[in-house]
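> The structure that follows is given in the form of structure tokens.
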Amino acid sequence: MTTIAARLQRLDLQRSVIYLGFLAIFLFFAITLHGDGFLTSRNLTNIVLQTAPATIMAIGLVFALSAGEIDLSFGSVVAVSALSAAVAMQSYPMAVGVLAGLGAGALIGAINGVLVAYLRLPSFLVTLATMGLFAGIARSMTDLRSIPVLNDTFTGIFGSGSLFSVPSLVIWTVVAVAIGHIVYRNTRFGAHVLATGDNARAAQVSGIKVPRIRLGVLMLCGTMAGLAGLLYAGRLQAAKYTLGESDLMTVIAAVIVGGTALNGGKGSIIGALLGSLLMGMLNNGLILMGLDVSDQMIVRGLIILIAVAVSLRDASR
Amino acid sequence: MKSAAKYLAASALFGLMSVTTLSPSAMAQTIGPGGETATPSAEVVVGADSLEAIRGAGYKAALLWHDQSDFVNAVSAGARDEFDRLGIEVVATTSAGFDAAKQRSDIETSLAKEPNIILSLPLDPVTSAAAFKEARDGGVSLVFLSNLPAGYEHPRDYAAIVTDDLFQMGKQAADALASAMGGKGTVGWIYHDADYYVTNQRDNAFKTTIENDYPDISIVAEQGISDPARAEEIANAMLLKNPDLGGIYVTWAGPAEGVLAALRANGNKTTKIVTLDLSEPVALDMVRGGNVAAIVADEAYELGRAMAAAAALRLAGKDVPPFVTAPAITVTADTVQEGWKKSLNIDAPASVSSAQ
């Protein structure tokens, strides 16, 4: 008993809050929506499918925030990437489309990274500017038109298909989270990211190439947003300039609720996954409860506010 | 912004598929995606012969909208009231906030409640084709507002499309402005400079009507607008070149507020404005005897009622007309109370009522 009590005392509330919050909200919906289809495997799978792009973006953002930077442009990257892939696949094979989508994300990430890492401009302002810049480019790329994606192999791999009855979006989520978690926790790059975010000067003195880390995390963020764009294009079987526009706040909230510090040096990929699923579960459950749209927004906002407040309050201790 | 949002949703493909037929006499009508003749919404009614069967069936409906606005609220109210009458429960209401991915998620989520009916404005014909597939394949009675998913065919895939009588809206705006100008003078035409079916049809109907029906009125200035925030500077430039403009047509109420600001800044009390869709500031100017001569609006509540009725008729095994239009109404200072109620199913704002 003493051991358990001691362990409980040592329990890091901030790390636990996402698990406890996730469980509490899941149980709440499971009980209140018992007869309304919430617990059906179809509905629970839908939540994972619907949150897959946000989860992928959240992984990139965990790296950026952990390094003490932020990326506000990833929503715009999603649209540019999806449109680049869709346009490319109208004339070229699928591989070119995939490369165009991921390449667009990596390139925008590199632009952000160079401005932040080597010109020492604040990432908040740089990515605020590039958010608008690339949102405009996404709109002008196809004159606001949606581009259908008719390549069945692409839509199968990136959103609409399944492998051994497991939907491809679930596979993408699991693989991305697993790789992200390993890189974040068990590689030198992950350690350098955390060291940079914890104290950039100390990291520099200890031999870490801080500018390269900053460039790396922002490129990673852009590439992950590019991948999210491909997943949206596969899921909707089309690309549109509005894709990703509404994901910025959802992804930031998911990452913060998941235990990643806004000021760097601390984060969790698994937490970001749970944060993203939590956001999806809230959307899903509040709709199934039959609330009208305004009430859904109010309740969702209040729950996110409480979750973020608990996370950040504990982090500040 | 309600209208801007609405127009963004009613996008290009439907426009490509649909045609507004115009003739020199400006007698025209909007026809459907497959060339269907428009059926007036008043003809889409659940009669006594179907009522009891529908009421006893325990049907459920989901309202999956593209956005939130007073227009959507009015459409929802019309649908809910009709569903109440028919004993159909509304089990889910969503707003996609113009996000095509969210609209797809909303459809998937609502299907967990196993609705028999979905009323929705597909955000985009291309992206919504895949989004509505599961619901369509599951036999849900789909009724669409203004937009049609690409490749969907009536009656196989959907019960009906319900939309505004777009040509009539533009035509009535032209008639109202001509009336305010005494049938003669010069006009500025501020149209929506984008490839959007709804605005394009309405704007062109105004222009065609002026050109064909009012020989003593000439359109001397034409200016497209894509950003409503630029309406004031566009109007200023137009007035600088044409200080004696008798009237200005503005594509919808949002930019009309900017045009109004420009007229006020110029001390201009004579140039008349007509615009489309209700807006409190524009209506306030109208009832105070300002520049605004008339506002042409759609019957949003009736759109919702007709959507609900069409969906229920489909479930009752009745033939449902594929393409249904709700009428347009011209709102003037004298009719603002009735017009507001008829269009949005709410009372006119207190500021407008008290200024009368």
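Every residue gets a Cβ built from N, Cα and C, even glycine.
TrEMBL feature annotations, pasted as is:
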TRANSMEM  A:17-35  transmembrane segment
TRANSMEM  A:47-65  transmembrane segment
TRANSMEM  A:72-92  transmembrane segment
TRANSMEM  A:98-119  transmembrane segment
TRANSMEM  A:124-142  transmembrane segment
TRANSMEM  A:162-184  transmembrane segment
TRANSMEM  A:215-234  transmembrane segment
TRANSMEM  A:246-262  transmembrane segment
TRANSMEM  A:269-291  transmembrane segment
TRANSMEM  A:297-315  transmembrane segment
> In the same chain, who gets a Cβ under 8 Å from the transmembrane segment (A:246-262) while lying at least 6 residues past its ends?
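The answer is 14-15, 17-18, 21, 53-55, 57-58, 61-62, 65-66, 70, 72, 74-75, 78, 131, 197, 228, 268, 270-276, 278-279, 304, 307-308, 311-312, 315.
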> Quick one: do the transmembrane segment (A:17-35) and the transmembrane segment (A:215-234) have at least 3 Cβ pairs under 8 Å, skipping pairs fewer than 6 apart in sequence?
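The transmembrane segment (A:215-234) and the transmembrane segment (A:17-35): touching, no.
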> Can you work out whether the transmembrane segment (A:215-234) touches the transmembrane segment (A:269-291), with the criterion being 3+ CB pairs under 8 Å where the paired residues are 6 or more apart along the chain?
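Stretch pair does not touch.
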> Can at least 3 Cβ pairs under 8 A be found between the transmembrane segment (A:269-291) and the transmembrane segment (A:72-92), with each pair 6 or more apart in sequence?
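Not in contact, no.
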> How about long-range neighbours of the transmembrane segment (A:47-65): same chain, 6 or more residues beyond its ends, C-beta under 8 Å?
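Distant Cβ neighbours of the transmembrane segment (A:47-65) are 71, 74, 78, 123, 167, 169-170, 172-173, 176-177, 180, 184, 193, 197, 217-218, 220-225, 227-229, 231-232, 235, 244, 247, 250-252, 254-255, 258, 260-262, 264, 267-269, 272-273, 275-277, 279-281, 283-284.
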